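Notes follow the structure.
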Amino acid sequence: MSASSLLEQRPKGQGNKVQNGSVHQKDGLNDDDFEPYLSPQARPNNAYTAMSDSYLPSYYSPSIGFSYSLGEAAWSTGGDTAMPYLTSYGQLSNGEPHFLPDAMFGQPGALGSTPFLGQHGFNFFPSGIDFSAWGNNSSQGQSTQSSGYSSNYAYAPSSLGGAMIDGQSAFANETLNKAPGMNTIDQGMAALKLGSTEVASNVPKVVGSAVGSGSITSNIVASNSLPPATIAPPKPASWADIASKPAKQQPKLKTKNGIAGSSLPPPPIKHNMDIGTWDNKGPVAKAPSQALVQNIGQPTQGSPQHVGQQANNSPPVAQASVGQQTQPLPPPPPQPAQLSVQQQAAQPTRWVAPRNRGSGFGHNGVDGNGVGQSQAGSGSTPSEPHPVLEKLRSINNYNPKDFDWNLKHGRVFIIKSYSEDDIHRSIKYNIWCSTEHGNKRLDAAYRSMNGKGPVYLLFSVNGSGHFCGVAEMKSAVDYNTCAGVWSQDKWKGRFDVRWIFVKDVPNSQLRHIRLENNENKPVTNSRDTQEVPLEKAKQVLKIIASYKHTTSIFDDFSHYEKRQEEEESVKKERQGRGK
């Protein structure tokens with residue numbers, strides 16, 4: 001019998017086993033030739049549930065019986081390695097391909113093992129641990145399709161305390177929380193995240209997790225969870241516990257003379273701004289630490305400009321200073337050395353007057369009201385007044401009461417001096433000299449006024465904390481003349497001035513006045529030759545003119561006279577050596 005006759009005798013309807021298949025033959029080809037490629041063969045009596053049905057798979061038996069349980073399959077990882085595993089493969093059933101994953105791409109199912117064609121999932125558990133009973137509880141199939149990567153990963157039992165937890169399952173409000181080892185996971189997660197005993201459901205989700213799922217949290221738990229025995233919550237510490245601990249005793253520092261560091265603070269920092277030592281020129285006198293204790297009758301020095309040289313003054317100068325201190329009232333009892341040193345340490349970086357003027361200032365730069373104050377309008381008169389000072393007072397009317405501070409025309413500048421030595425010599429010789437830039441600015445201002453108004457200069461020593469006087473510029477700058485009287489040889493040029501006020505006015509009296517042309521800074525925070533606007537200058541001049549001062553540089557005039565004589569003798573010795 002030929003093949004064609006067999007085809008003719010074949011009953012109708014058997015040409016294609018697929019219901020929707022073609023019924024027409026084309027070009028002598030039979031549709032049966034394409035059956036292996038078009039669709040799998042339909043098996044009769046297939047009573048298995050669909051793949052999406054994840055509720056009743058445990059009620060059906062496998063289609064093929066095996067002599068061993070797949071749950072007893074040997075582990076291929078060689079130990080309890082805490083690493084994620086892909087979900088299980090489907091069991092071999094009637095020639096079906098065994099490599100098809102049952103829940104790889106978003107199929108719902110509990111514990112990442114949705115059964116394939118009604119078969120039990122491969123659960124990676126050793127014998128005796130069977131989770132088939134879990135298929136009946138409400139937790140099975142609770143993973144919704146909204147989960148971005150549902151049932152993608154599962155974890156080894158060793159890393160989760162014996163329970164295989166779906167990588168995307170949410171721990172809150174599910175019966176999976178009842179699984180063995182969940183306390184360990186919660187405690188480990190709490191120790192990892194918060195360091196407390198809160199449950200993992202209270203931990204905020206990590207930014208970047210997949211569509212509101214707990215996969216990242218589960219991954220962290222699987223790789224970092226620790227047994228409860230190793231979790232040690234931090235011991236709470238209260239302020240009472242901290243206060244009850246004894247303080248560590250600091251070793252007492254001792255000076256070169258063996259005096260305890262608690263009674264003698266360290267001396268002030270010595271900068272390279274000493275008078276007569278500019279650019280390492282002139283003698284550099286170092287004051288021994290004993291000088292602070294021996295000079296009890298002298299107020300302490302806090303200025304880095306005067307500590308080195310004024311501590312080594314000759315005895316006549318020291319005697320003269322004592323006379324200035326005790327002139328207005330009987331001499332007070334000598335102060336202890338420790339009190340004198342404490343006064344110095346209170347202002348280690350502030351300038352303090354070298355003699356009697358130190359008692360006129362408080363620690364905050366405000367004038368004090370203690371004993372030994374001079375009368376308003378003049379400095380304290382020494383027991384033996386210096387003849388140069390007497391001559392200056394007879395010629396000049398310092399601190400006039402009828403000063404006209406309400407200027408209609410005029411310009412006012414701030415002058416910052418490196419030392420009071422130069423202030424003393426400016427008063428003595430009625431001259432002044434600024435930097436090259438400052439001289440040009442002052443000279444231009446003086447020439448611009450052309451006699452229409454005064455040019456006032458407000459003097460202040462760097463770091464002194466007060467203004468020491470006001471002078472009027474009386475001539476243009478002579479750039480070709482060098483006065484040769486300044487404590488430093490760096491100044492070139494000179495111009496004449498007339499001193500009007502010689503008094504110490506603390507910065508606290510003027511700090512509220514701010515300059516709009518200097519970043520709105522206080523007038524006390526100005527640089528050399530900083531111009532003060534006229535309206536603000538009127539306020540400054542009014543305060544200086546009306547301030548009842550208690551100290552001035554006249555109190556130390558004899559001291560600075562002696563210093564000038566010493567400097568001149570040193571210069572003569574240098575000139576003699578140079579010849």
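Positions of Cβ are set from backbone N, Cα and C atoms, glycine also.
Note that the coordinates shown come from a computational prediction; the quantities given were computed from them, not determined experimentally.
Among the features that Swiss-Prot reports, region 'Disordered' is placed at 1-45 (among others).
Here Swiss-Prot flags SER2 as N-acetylserine.
The region 'Localization to mRNA processing bodies (P-bodies)' annotation in Swiss-Prot covers 2-384 and rests on similarity to another entry.
Summarising the annotation, Swiss-Prot assigns region 'Disordered' to 247-387 (among others).
The compositional bias 'Low complexity' annotation in Swiss-Prot covers 337-349.
The annotation domain 'YTH' is assigned in Swiss-Prot to 410-544 on the grounds of sequence analysis. Counted with DSSP, the domain 'YTH' (410-544) comes out as 38 helix, 45 strand, 52 coil.
The RNA binding site annotation in Swiss-Prot covers LYS416, SER417, TYR418, ASP422, TRP432, CYS433, ASN462, TRP486, TRP491. Cβ contacts within 10 Å of TRP432 (RNA binding site), excluding its own Cβ and spanning all protein chains shown: 30.
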Check: Max Cα-Cα distance in Å among LYS416, SER417, TYR418, ASP422, TRP432, CYS433, ASN462, TRP486, TRP491, the residues listed as binding RNA?
Finding: 17
